[in-house]
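Asker: Got a structure for you, written out below as structure tokens; questions coming shortly.
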Amino acid sequence: MNKYKSTTQRKKVSKSKRVKKKNLKKKKVKMGEVNLGLFYTILALVAIGVVMVFSASSYYALYEQENVFHFLYKEIIWAVGGLIALLIIMQFDYHKYKKATILLYVVAILCLAVTPFIGVEVNGAKRWLDIFGISFQPSELAKYATVFFLAYMIEKRGRMQESFWKGPMFYLVFVGILAGLVLVGRNLSITAVIMFVAFIMLYVSGMKRKHIANIFAMGGVLGVLAILIEPYRIARVLNFTNPFKDASGDGYQLVHSFYAIRFRWVIWSWSW
């Protein structure tokens, strides 16, 4: 009798597991399962971006295209297209495509590696690739590759509580390859963004506090070296500390930013 009961129970458990597995396969993502706070934040950022593009390009569009809304229309089209793509991608289970992050990482490295040789030169720097009439910056692809690949590696390998070289430094080597190739393209800002994002991801993954000081020290030294090896970066730092020294030249943009902030502050104070 007991043997019969145990066999029956095993069959029920087995059937229950099959039903659950079948339900998981059929399960689709619904808006109720999405982090609505994050979703609305994305919408707000897109809206702010569209407004900022219009604010920055309206005069130029009127002068060049004789249509103040020329660039605004383009930005709205891209924004709507991006949101449609977002809604479509939300219907897929991203867990099934984790291993594709390795391919993304390799593609990003290849694109960055060939950019100095076959890239399109703009303002003295080769940062763009033109493939079949479509231009893009491989450094932008590198940002996404960093996030996806690092998340995949941390989940798969872990070991954040081990020594500095077996823990955080192991991951920073992979990130450093991408960041180094971006830096070769004379794009220090994107390089800094990639390294900062990597640091945040390692920190929230359980990195030891004593390792944070090591990373800051290494980052500080490498950052100073990256500035010193390029004269124009040194000039930018000097202009930042005293933009009014060359207000009509290299300090023009920063000086007029101060003017804009001051003007807005006067308007705000007057309105109250």
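Residue 1 is the first one shown; counting continues down the chain.
Cβ from N, Cα, C; glycine included.
When I checked TrEMBL for this same protein, it listed these features:
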- 71-90: transmembrane segment (TRANSMEM)
- 102-119: transmembrane segment (TRANSMEM)
- 131-152: transmembrane segment (TRANSMEM)
- 164-182: transmembrane segment (TRANSMEM)
- 188-205: transmembrane segment (TRANSMEM)
- 212-229: transmembrane segment (TRANSMEM)
Asker: Taking pairs 6 or more apart in sequence, does the count of Cβ pairs under 8 Å between the transmembrane segment (102-119) and the transmembrane segment (212-229) hit 3 or more?
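Answerer: Counting Cβ pairs under 8 Å (6 or more apart in sequence), the transmembrane segment (102-119) does not reach the transmembrane segment (212-229), since there are fewer than 3.
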Asker: Given the transmembrane segment (131-152), which of the listed stretches 71-90, 164-182, 212-229 has the most Cβ pairs that are under 8 Å apart from it?
Answerer: 164-182
